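A.B. asks: Next up is a structure, given as structure tokens.
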């Protein structure tokens, strides 16, 4: 477990190419690295997968063809690990988190959310990033059987009451307004609390 108790944990989910990383990076820049950190659940998964399969970890972290080549197998491998221990990747991912605000940029399964809800019930808030299929296609998304219909993409489509839904259609001013009036103001309030 992390050595610092967080004041707020923002648990982000969304479809591929919805812009989760873009939105979480924007929030991180606005709040600053002293106040907030980005936690990626996929990092520990990709690191262990790369180690077990003799692959290049840095390439798996990227957005290119290398990651896409192994994505389906990596998803299946990750599911098997979660069946054995649903909180494994969550625990590893937060080990280095020291800031008062944690942004978990890639929650993909109900088991991820349930772990944070159980371990940090008063701090955890769910955020969904949404973009139309047209916008996602413009960003390079193409439906892929075995990936876009898998739990890692669809596991949070139903049954979750999101605290915030962020529309990320590419209009920067609309996104800025959504963040300023919601997430950023609440995060700043939490940091001031003692």
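Cβ coordinates come from backbone N, Cα and C, glycine included.
Pulled these features from TrEMBL for this protein:
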BINDING   15, 16, 17, 18, 19, 20, 21, 139, 178  ATP binding site
BINDING   168  substrate binding site
A.B. asks: Give the distance between the Cα atoms of residue 19 (ATP binding site) and residue 168 (substrate binding site), rounded to the nearest whole Å.
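C.D. replies: Spelling it out, the Cα of residue 19 (ATP binding site) and the Cα of residue 168 (substrate binding site) are 7 Å apart.
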A.B. asks: Have a look around residue 15 (ATP binding site) and count the other CB atoms within 10 A of its CB, chains all included.
C.D. replies: 19
A.B. asks: I'd like the number of other C-beta atoms within 10 A of the C-beta of residue 21 (ATP binding site), please.
C.D. replies: 17
A.B. asks: Rounded to the nearest angstrom, how far is the Cα of the residue listed as 'substrate binding site' from the Cα of residue 21 (ATP binding site)?
C.D. replies: 11
A.B. asks: Measuring Cα to Cα, how far is residue 178 (ATP binding site) from residue 168 (substrate binding site) in Å?
C.D. replies: 10
A.B. asks: Widest Cα span across the ATP binders 15, 16, 17, 18, 19, 20, 21, 139, 178, in Å?
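C.D. replies: Result: 21 Å between the two most distant Cα atoms.
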A.B. asks: What is the Cβ neighbour count of residue 19 (ATP binding site) at a 10 Å cut-off, with all protein chains included?
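C.D. replies: A count of 23.
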A.B. asks: Rounded to the nearest angstrom, how far is the Cα of the residue listed as 'substrate binding site' from the Cα of residue 17 (ATP binding site)?
C.D. replies: 10
A.B. asks: Does residue 168 (substrate binding site) have same-chain partners at least 6 apart in sequence with Cβ under 8 Å from its own Cβ, and which are they?
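C.D. replies: 14, 18, 19, 22, 23, 129, 130, 131, 135, 175 - these are the non-local Cβ neighbours of residue 168 (substrate binding site), listed in sequence order.
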